[in-house]
Structures are given as structure tokens and as C-alpha cells.
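Below: the structure, in C-alpha cells.
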Amino acid sequence: MIPAQDITGLILAGGRGSRMGGVDKGLQTFNGMPLALHTLTRLQMGGGVGQIMINANRNLAAYESFGASVWPDGLADYAGPLAGFLTGLEHCETPFLVTVPCDTPRLPLDLVPRLAAALEAENADIAMVAAPEIGKDGQVRLRPQPVFCLLRVELLESLVRFTQEGGRKIDAWTALHKTAVAPFDLPHDDPLAFFNANTLAELHQLENNPA
């Protein structure tokens with residue numbers, strides 16, 4: 001098993017928050033606490049990381065008050081979560097980086113160990129979450145959740161090259177590397193663990209649906 005001190009957690013809070021009316025999503029309140037602080041607390045409680053960073057592009061002092069180092073995108077114009085991956089890898093001082101978005105306050109406490117186990121089992125470069133999702137046909141299928149990733153820091157050079165060539169899609173980049181999948185469909189897994197609140201209405205819906 002990969003020791004916790006070899007893994008840095010990265011909370012992705014650098015988006016525009018367009019579907020929330022342009023607000024800074026990570027600072028929106030969920031059950032009395034900012035979303036990003038919920039995420040940080042869950043990572044700490046899980047014990048799978050040695051340190052935590054936050055990727056944010058505004059209100060940096062507010063994020064710094066959570067006690068983590070904060071780094072803005074190196075790419076311009078809110079280039080998306082892959083820009084956050086790049087920022088995290090550039091500043092990561094451990095062999096592995098795990099990425100999580102700021103808007104999933106119910107992420108599993110065992111997220112990091114399960115990603116690490118999947119990566120080691122397949123000797124992969126990347127491990128990615130797959131979570132159950134109900135399709136339009138009513139069938140439940142496992143769907144990749146590419147913003148929940150465990151990455152080897154040696155991938156930095158590859159990501160620099162990919163973004164310099166104009167690449168911005170996570171799945172297009174991860175497809176270039178051996179990627180393991182960690183399914184989160186066990187009976188005890190929270191079905192809303194990876195539900196990301198894109199609108200204020202969805203955030204309130206999640207608040208009213210306790211785990």
C-alpha cells in the first residue's frame with residue numbers, strides 16, 4: 001500500500017462557477033461550512049494523504065484560511081480541471097497526487113486507499129473513480145469520474161506537453177496513460193458520495209438528503 005505521506009491531496013476549486021451564477025463554488029455554504037472546507041476535512045479524516053493543497057483562482061486568502069497552501073492556475077482563462085491537475089503536479093512534493101473537486105462534500109473517507117490499491121494492483125500511472133449512475137433508460141451503470149484521480153507525479157512532463165498543444169479534456173489526456181479504475185459500488189458505499197452540486201438548487205437538495 002502507498003503510504004499516506006507519499007500522497008498529496010489537491011482540492012480543485014478554480015472554476016468559474018458558471019452554473020451557480022458565477023459565484024466561487026468552493027466557498028458556498030453546505031450545512032454551515034464552506035464546500036471546500038468539507039472536502040478538505042473529509043480528506044483529512046480519511047487519513048490517506050500527507051498534505052493538502054487547494055487550486056483556486058480567486059478569493060485566495062479565504063482558501064488559505066483553511067490551513068492549506070493555495071495555488072492558482074498557471075494556464076489563463078479558467079482552463080478547466082486539467083489546468084488544476086497541472087498546477088497540482090507542478091507544486092506536488094510527493095510521488096503521488098490525488099485530485100478531488102470542491103463540490104462533493106460527501107466524498108468517501110476511504111477514497112484515497114481504494115484509488116491507491118487500484119493503481120498498485122495494475123501498476124498503472126493513473127487510478128480513476130467509477131461510480132454508479134442511473135442512465136436515461138433507468139439502468140444503473142458505472143461511470144468514470146475523471147476529476148477523482150490518483151496520479152504519479154512523473155506525468156507532469158506529459159501534461160505540460162498536452163496542454164501546450166491545446167489539450168484541455170481530462171479523458172483525452174488520461175487515455176494516453178495506463179489507467180486503473182476503482183469502482184465505488186459496494187453495498188455500503190454512499191450513492192451520493194460523488195454527486196457534485198453544480199447549482200444552488202442541487203446544493204440545497206444534497207443538504208436535505210442526509211447520508
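Glycine is no exception: its Cβ is also placed from the backbone N, Cα and C atoms.
A quick note: this is a predicted structure, and the numbers were derived from the prediction, not measured.
The GTP binding site annotation in Swiss-Prot covers LEU12, ALA13, GLY14, LYS25, ASN55, ASP73, ASP103, and the record cites sequence analysis as its basis. ASN55 (GTP binding site) falls within a strand when secondary structure is assigned with DSSP. The Cβ of ASN55 (GTP binding site) lies under 8 Å from the Cβ of LEU10, ILE11, LEU12, ALA13, GLY14, VAL70, TRP71, PRO72, ASP73, GLY84, THR87, GLY88, each on the same chain and at least six residues away in sequence.
As annotated by Swiss-Prot, Mg(2+) binding site applies to ASP103. DSSP classifies ASP103 (GTP binding site) as coil under the three-state reduction.
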Could you find out if DSSP has ASP73 (GTP binding site) as helix, strand or coil? coil
Local backbone state of ALA13 (GTP binding site), from DSSP in three classes: strand
Chain-internal residues, separated by at least six, CB under 8 A from ASP103 (GTP binding site): LYS25, GLY26, LEU35, THR39, ASN196, ALA197, ASN198, LEU203
CB neighbours of GLY14 (GTP binding site) within 10 A? 26
